[in-house]
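Visitor: My questions will all concern the structure given below.
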Amino acid sequence: MTVLRVSDAPTGEDVLIALSDVSKSYRRGGQIVPVLSKLTFDIRRKEFLALMGPSGSGKSTLLNLIAGIDSPDHGSIEVGGEDITLLPEADLADWRAANVGFIFQFYNLMPVLTALENVELPLTLTSLGRRDRRDRAQLALSLVGLSDRVKHLPSELSGGQQQRVAIARAIVTDPTMLVADEPTGDLDRQSAEEVLEIMQRLNRDLGKTIVMVTHDRRAAARARRIMHLEKGDLSYLVEQRLE
Amino acid sequence: MPLLLAYSLRNLYVRKLTNLLTATGMALVVFVYAAVLMLDSGLKQTLVATGEDTNVIFVRRSAEVEIQSLIDRRQARIIESQPEVVIGAEGAPLVSKESAVLISRPRRGGKQASNVLVRGVGPAALAVRPQVRLAEGRMFRPGSNEIVIGRALAGRFEDVEIGSSLRFAHREWKIVGRFDAGGSGFDSEIWGDSEQLMQSFRRDFFSSVTVRLADRSSFDTLKARLEADPRLTIEAKRERIFYEEQSRLLSGFIQMLGITLSVMFSLGAVIGATITMYAAVASRMMEVGVLRALGFRRSRILVAFLVEALLLALVGWVVGLSFASLMMQVKISTLNWTSLSELAFRFVLTPEIVLRSLVFALVMGFLGGFLPAVRAARMKIVDALRVA
Ligand SMILES: Nc1ncnc2c1ncn2[C@@H]1O[C@H](COP(=O)(O)OP(=O)(O)O)[C@@H](O)[C@H]1O
Ligand SMILES: [Mg+2]
């Protein structure tokens, strides 16, 4: 295991996400709370990156910036050569629909929709017809091993099953990258292993770039690279390569 | 069904108790709004049906209603001899020279009295007004003390029924028949022989003269000629217009009352809908955050919540209008402030009312849903997602 500074991160053609000089602070009760300061690093295509660090160090904030659901105060975030911080809001929404799949700690499925409908939901933003949408959603559910649960509501599924539905929803549009914020944080060991197994397969077999925030060392061990977000005066990144 | 619509519908169903209460509030307003419009359209329909387009009524100039009008016998003769008047089967012109007088009669059940219009009519009255048919008993005999009563009077006033007698103008009048005037204003009148009635009321002039035209388009020439005649101080109107104008005062009042009530009530319903929709938004912050993260634009979120509010209003509309349509069974009788006589009419539901109440309900839904929908659409994704 080697620990090195972020500046040694890979460069070149296989870079998918390039952050440079990214800063983000929040305003809380008239006070400005700096969270991220001048972060510069790259994430390669087909990478499986685990983002670790103590609570409150800004892991979720960083993930949200990469996923285009929050915007930095300074700096640029290039994804596939396109600086998403420059996109107008509506275009950014379209960009997310096409490029990002989300996996949340608490699954965040629509309670009134069935498993199949939840997976179909992002496809309603595409030009696909109803039949194609159904077929695709079905396929995505079979990839996570839930073909027999399509008609179930989230409340009728276990936590692990719900998270698998969420993964199906994240991959159904075939996005370039998946972002996952503590995807196993709410699961028992067994379910967590299943979910991680699926994510690893998505990365290995389908070449999905995955950025995963996690507390869990066991979860992080599934990744190909780990970055630690440490909180000193300012947060900084430490990289750990796994052999 | 589009997935997002199913999503909205099912969410409405999930909070069904709250939503049912909200929709009930809207239904109440729709009911009041539709009922008032139905009342107004019933009034208008009754008075419009009273007049015919082929008939012309002559009254004294500037007399708005017949009881204010005087036409003497010489003037009446000039009017009936005009060439535009159609000649009936018996060779006489179709003209009814009429006297209109109000009498006060106690209403059945209550002690209150109300005015009933007694119309003295000429022998050709039924031929001039084909919508009036004898329904029961027989017509009064000319030159007698007999009278016939309109359908809407029966049962509404003391002693106004076939076989009984009414005492007014120093005489006993025997009721021998009941006529059906097809839901028009005549249904609220008493008819008798005009000469007999004028004698006993001690007057020697008519109130109005109604003639039937051979050709309805000859109205303008007839009107122009007679109104210019220096011997006559009369005004000619199409009969339909004349009676329609009698609805104005009451109709204006009903509409104002209706609009005031509806606006006041709808304020409550809109506030109710706003509170309900705010609660719906608050309970689904996470879902809004997820939808936005998945790539749904702000406008889609706005529309989704607006649609939900509109669906709520649609339920309110269906319920409110259904109850309002039951009002069609209800007959109402009140004083017409223009003619000062009692007039019976029904609640009438027209396609226009169906449409207007729908628009009204949807506007309520839109107003109620607007602010909550804007809040949902304006939420920052990360803030929405932080709500566990
Ligand atoms: N929307 C926000 N408004 C205000 N402060 C925030 C917001 N989001 C995060 N923070 C603050 O920023 C810091 C980093 O938060 P976060 O990125 O969630 O950390 P982590 O995911 O590593 O636990 C925390 O101190 C948190 O309280
Ligand atoms: Mg976090």
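Positions of Cβ are set from backbone N, Cα and C atoms, glycine also.
Quick caveat, the model's predicted, so the values are computed rather than measured.
Annotated domain 'MacB-like periplasmic core' per TrEMBL: B:20-228, in sequence order. The domain 'ABC3 transporter permease C-terminal' annotation in TrEMBL covers B:260-380. According to TrEMBL, the feature transmembrane segment maps to B:20-39, B:256-281, B:302-328, B:353-374.
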Visitor: Near the transmembrane segment (B:20-39), which same-chain residues lie under 8 Å Cβ to Cβ, leaving out any that are not at least 6 residues past its ends?
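Guide: Answer is 254-255, 257-259, 261-262, 265-266, 268-269, 272-273, 276, 312-313, 315-317, 319-321, 323-324, 327-328, 332, 345, 347-350, 353, 356-357, 360-361, 364-365.
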Visitor: What mean pLDDT score does the domain 'ABC3 transporter permease C-terminal' (B:260-380) have in the model?
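Guide: When the pLDDT values over the domain 'ABC3 transporter permease C-terminal' (B:260-380) are averaged, the result is 94.
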Visitor: Which numbers of helix, strand and coil residues does DSSP report for the domain 'ABC3 transporter permease C-terminal' (B:260-380)?
Guide: 94 helix, 12 strand, 15 coil
